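As recorded in TrEMBL:
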type     : residues  : note
TRANSMEM : B:32-49   : transmembrane segment
TRANSMEM : B:61-80   : transmembrane segment
TRANSMEM : B:92-118  : transmembrane segment
TRANSMEM : B:125-149 : transmembrane segment
TRANSMEM : B:184-203 : transmembrane segment
TRANSMEM : B:230-250 : transmembrane segment
TRANSMEM : B:262-278 : transmembrane segment
TRANSMEM : B:285-305 : transmembrane segment
TRANSMEM : B:311-336 : transmembrane segment
C-alpha cells in the first residue's frame, strides 16, 4: 500500500483491502483507495476493470466480501444507499436514475424534501430550491416538469443538481460528462472546483483522459479488479496513464487483420423512426468491420433493431446483399443473411434456463426440423460443432446457459447467430462485462469473420474497442448519424466530438 | 454548500412556466374527464326518469359507491407501487363475517368495526410480507392469498349466514342513516379518501410510493426503504378492505361465505378507469374514487333507464378499455409535447453557445 508521502489531511473516505466477487467473477481484489478533503481524485481503468463495483461499494449498494470502508478513519458498514447518503456521500451514476413520473424538483429532493409544520412537504420551497440549483448550474430546466422525456444530457444535469442539493462531503461522479456538451462540461467543472475548494473530496471517473488531467490531482488505476497504481497526475502523460490502464500490448487485445472491402452487403438508406432516429444512411461492405459509436441513448441500438426488423421504421429502406427487406420482419431479415447479436445477452440473447445445445439450436430450427419435429441429433451435432469452434468452456452441452460465465454466455450468443451462416453480422456491445481474455477472443473471431467476407457492424460504447477493431467508424448523436470516419483518421477526440455534437456547433 | 435563494424573482415564476402547467392540466383533466362522464350519465338518466335523483336515489348511489371507494383507495396505493392486491375481496368477506359474528354475540358496534379493520390489517400485512420479502410477482402471491383467505372463510363459515335480523338495530341503522342525503358510511369513506390523498401528496412517505412505482431501481439508489413502503401500502390496503367489510355488513346486513367473491376485479377496474396507471408511479386516489363512483352508478343507471341489468358487465368492460385507450393516447401526447419542449430548450442553448 502506498500512502501519500506527507501526513497531510486525513482521508474522508477510504477503502482498505476491499474484495468483491459476483459468482466466479472477481470484480475487486484487495483494493485500497483514499479520498482526501479538497482533492479531486481520478479513477482510471478499462471497461470491466471494476470501477463501477468500486463506486457502488462506496455508495453502499454493494457490501465488500472482505476489507473495510473507512469514514473519517473509522470502519463503517453501509446497509444501503441511504446510509451512504446520510454520511454525506453523493453519487452521480453513469446512467441517470430518475423517476420519470415525478417532477424534476421531486426527483432532486426525494426523501429529503423541505418540510412545513406536521411534516408536510413544502412543495413551493422544493421548487424554489430546485430553481436555485438550476440557476447555479446555469440551465433553464423547469423544476415542475416531469423527468419523462428529458434528453440524456438533461437527465445528467438533474443528477448533478441532486448531488449538489445536499452538503456532500464526498462527491462521486461516474462518467458525468459522457453526455454533456462543451459548455455544460465547463460549468460542471466550475462547480466541482468550488466544491473541492470548500473541502469536499471528489472521485471522478471519465474515459476522456484530457478531462482527468484537467481537473484531477491524483489518479488510482484499476485493472482486472486490482489496484495498479495510486499516484499524483503531475508529471504523467496520457500515454503513461493508458499504459497503466491497459497493461498489455494493445495489438494483442485488438487483433485487427487487414481486409479488403468487397461489394456492399448491407445498405441502409434514409432510415427514420419518428422520435428515435432520423435520416440514417450507411453501407457496410463484405470483409469490413464498421464501428457504430455514440453516447448511450444516441439511437445506435434502435437503428440495429430496426434494420433487423424487431422494431418498425417509418421511412427509408434496408437492403441486404441487394435484397430489399420489408419492415418489421426479423425472419425475412434472417433468411436474407442478417444476424443480430443483441446488447443485453441475458434478456434478449439467451434463454437462460435452457441448455447450451438448445440455445444455439434456436436459430437453426428451420434446418433441423423435419416433418414438424425437431431432429434432436442434428440439433446437437450442429450446436456441438459451433460450441467447439468458438471454444465455449462448459461441462456438458446439455447444461443450462445460466451456469456459464458472462464471456462464455456471449460466445453462445455468437455461436447461435454464426450457425445461421450470416452475410451481415450486427453485434451490439459484443464485449460488455466480459473478462479481458474472452474479449480478445471475441475480437479475434470478429476479425476472422470479416476476413472470411462477412460484413460486420459493431456497436460499442468502448472507444478503444471501436478504434482498435473498426475499418470505419460511424458516429451517432441524438438520433442522427453525425460522422463517418475512416480508420486512419479515427481518434478518441474525433469520435467523441461527433458523439457529443461538438463538431457540429 | 447550502441551498440558498439569492434572487426570489425567477423562482416565483418557475412553477408557472409552460411545461408544468400543461402537464398539471392534463393530469387534472384525467379526473375531470371521469367526473364529466359521470355527470352526463346522471343527467341523461334523470332526464329519462325523474325519479332517479330522489333523496333515496342519491342516497343509494352514494351507499353503493362507498364500499368500492374504500377498497379502491387502498388498492390505488398498492397499484401506484407497481403491485396489485387480488385478495381484497376475500379480506372484505372474512372481515365482514368476523364483525357480524362478534355483533351476533352481543358485542359493541365500534369494537366490531375495529375488529374488521384489524383483521384486514393483519391480512394486508401478510400480503405485504410475502410480496416484499419473497420478491415474487404480486399478482401470483395475492392470487394465492385470495384462495387461502377464501378457503379459511369457507371452512369457518360453512353454510352459516348472518342476516340483518341477527344484528343490533343501531348498527344496521348506521348503515343507512346519515346527514340528510349523505349516509354515514359515505362520509367515513370521504374522510378516508381525503386523508389518504393528503398523505400521498404532501408527505414524504406518500411521494416515495410514487417514486418506487415509477422506477424501483432508482428508488433503491435514492435510499428509499422500498420493502417497508410496499409493506405499508399492502397493510393499508388490507385495513381498508377490512373497514369496507364492516361497512358491507352495516349496509346489507347479509353475509355468508361467498361475500366479496370476485370483488377484486371490480376494484381493479375502478382503479384503472380512475386513471391509476397499472405499471405504477402515476394516478391519484381521487381518480380511483371517481372510477368507483362511475362503475357502481352504472348498476343503478341502466335499470332506471329500463335497460336490463345484464348489460352492466359489458358496459363496465367497455369503460375499462376506453379508459386505457384514453390513458395511452394522453401519455403519447404528453411525451411528444415534453420532448418538443426539451428540444426547443436545447436548440436555444446551442444557439446561445454559438453566439457567445
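Every residue gets a Cβ built from N, Cα and C, even glycine.
Automatic prediction, not curation, is the source of TrEMBL annotations.
Quick caveat, the model's predicted, so the values are computed rather than measured.
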Same-chain residue ranges lying at least 6 outside the transmembrane segment (B:262-278) that approach it to Cβ under 8 Å: 30-31, 34, 68, 71-72, 75-76, 79-80, 84-90, 92-93, 146, 284, 286-292, 294-295, 316, 319-320, 323-324, 327
Is the number of Cβ-Cβ pairs under 8 Å between the transmembrane segment (B:125-149) and the transmembrane segment (B:230-250) three or more, considering only pairs separated by 6 or more positions? yes
Give residue numbers and ranges for long-range contacts of the transmembrane segment (B:92-118): same chain, 6 or more residues beyond its ends, CB-CB under 8 A. 67, 71, 149-150, 152-153, 156-157, 162, 166-168, 170-171, 174, 239, 241-246, 248-249, 255-261, 263
What parts of the chain pack near the transmembrane segment (B:311-336), using Cβ distances under 8 Å and only residues at least 6 beyond its ends? 22-23, 26, 29-30, 33, 266, 269, 272-275, 277, 291, 294-295, 298-299, 302
Lying 6 or more residues past either end of the transmembrane segment (B:285-305) yet within Cβ distance under 8 Å of it, the residues of that chain are 30-31, 34-35, 37-38, 41-42, 44-45, 48-49, 51-52, 57, 60-61, 64-65, 68-69, 72-73, 75-77, 189, 193, 196-197, 200, 266-267, 269-276, 311-312, 315-316, 319, 323
The transmembrane segment (B:61-80): which same-chain residues, six or more beyond its ends, come within Cβ distance under 8 Å? 88, 92, 124, 138, 175-176, 181-183, 185-186, 188-189, 192-193, 196, 200, 209-210, 213, 233-234, 236-241, 243-244, 247-248, 251, 263, 266-268, 270-271, 274, 276-278, 280-285, 287-289, 291-293, 295-297, 299-300
